[in-house]
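Participant: According to TrEMBL, the protein has these features:
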| type | residues | note |
| --- | --- | --- |
| DOMAIN | 516-580 | domain 'Death' |
| REPEAT | 35-67 | repeat 'ANK' |
| REPEAT | 68-100 | repeat 'ANK' |
| REPEAT | 138-170 | repeat 'ANK' |
| REPEAT | 171-203 | repeat 'ANK' |
| REPEAT | 204-225 | repeat 'ANK' |
| REPEAT | 281-313 | repeat 'ANK' |
| REPEAT | 314-347 | repeat 'ANK' |
| REPEAT | 348-380 | repeat 'ANK' |
């Protein structure tokens, strides 16, 4: 094993020590350190021809390898010692040898970025075509490495020997992929002149155009799109603007997601598929732009007239995504477009307004309301915007909108000013605009029921349940069999509705049902006269007449229940259960 003192002397350039050591220890000339490093390899780092010559004279093995299969010649190239390459080659160094990473001398020369080093290696290389196209363990050719580093002079040298510019590495990257990714427009031009495949896909199916858009290189995008056969007889035509990667993502998706409006403008050529959907979420480029909050990208994209109301796999429109991601500027801009639908429901039956309440964004909420968002929209659980607002524990926030509209409510509720944006106050604001505090969800709960604080009575006082027909008087009549209590007595008497004004279900007459149970017509008319507007009370009185006038042995309670169930008289059944 080589001693560290002698190696350090070589590294320091102490030729006197080296010559003395070589003379006295010829048998140890090829000993190595733990990494396989020989004295000749160390000397090659220094670039001293006389020192290397002395080591070779006394038996140093020129092709001995270290633990990574690097020879002295590899060390000379890595240390950017062009003069040593010819010298060592003349001394029998193997110029075809590759190290453990599969890197040839030319690979290492390219990595130095030195034109002189590359020239020196090429001079001693016999089969230059073979070496130029040689791949290392990663599949990288010297040209691929040069394009990754962006060394134009080195690339021009390599191109003189007409390498295969479309050879791929193990990730299917070509030199053009790397050049586009780094934005080396001069190199891109050179590669295109040598027939680089402008539509070749890497392991992720990314084309060079994808990479240029991903990195924001506008000039490279322009090169790829407008490269024509006038530059070279055999050159490829412009890039496929609609090419998709493994997730069906186009270059336009990428540019929109990153907000490169100038690149989007370049991509807006006649053949562009502006409504293309990706695979994972079925999102269009407009979805991507709205989700990431790129207002300028959205503005530019609309010049291609995309369908602004297309839904993704979850039923979300671009407006949904802008709201969910709290992109206030994008929401405001979308709402300024006349063809944007503000009340579209996704697969969870939530509208953008319901989403705005869920994320506690008052500014977006106000924008949506001012552009016609439906306040009575219900989600899959039957919740309206008030159900969602009153249960919010976190306060609402806003970038732009003022909270002046809320002052009346937080004062009426006797809250502190810092609670101005709490969910209950926001619910009051929405209630004043027309949202229904008395709407029951699928669990039978109204927004008022969900208020756990002491504000329930105050809310009831502020928002009594008004008649749907006149909007003035409080509701007092329960319609059957639906059970909705939505109109006042006066409107019921004046209009005698045949269907519920809320659910449009036909209103059943209990006279007919009572007669089927054997109750005399005159008794039914008396009930109607005594309780003209209370249909629930009518049903209850009908039951009393039935029990008092019929033989219990012939007409049992079980018989009555079955009859009421048959005619969907649920309100009567509920009243009956309360009296059992």
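Any Cβ shown, glycine's included, is placed from N, Cα and C.
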Participant: Compute the average pLDDT of the predicted model within the repeat 'ANK' (68-100).
Facilitator: 95
Participant: Could you put numbers on the helix, strand and coil content of the repeat 'ANK' (348-380), residue by residue per DSSP?
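Facilitator: Taking each residue of the repeat 'ANK' (348-380) in turn, the totals are 16 helix, 1 strand, 16 coil.
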Participant: How about long-range neighbours of the repeat 'ANK' (138-170): same chain, 6 or more residues beyond its ends, C-beta under 8 Å?
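Facilitator: Those are 101-102, 104, 106-107, 109-111, 113-115, 118-119, 122, 128-129, 131-132, 176, 178-179, 182, 184, 186-187, 190-191, 194-197, 200, 202-203, in sequence order.
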Participant: Across the repeat 'ANK' (68-100), what are the DSSP residue counts per state (helix, strand, coil)?
Facilitator: 16 helix, 0 strand, 17 coil
Participant: Same chain, outside the repeat 'ANK' (68-100) by at least 6, Cβ under 8 Å from its Cβ: which residues?
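Facilitator: For the repeat 'ANK' (68-100), the nonlocal Cβ contacts are 36, 38, 40-47, 49, 52, 56, 60, 62, 107-109, 111-112, 114, 116-117, 119-121, 123-126, 131, 134, 136.
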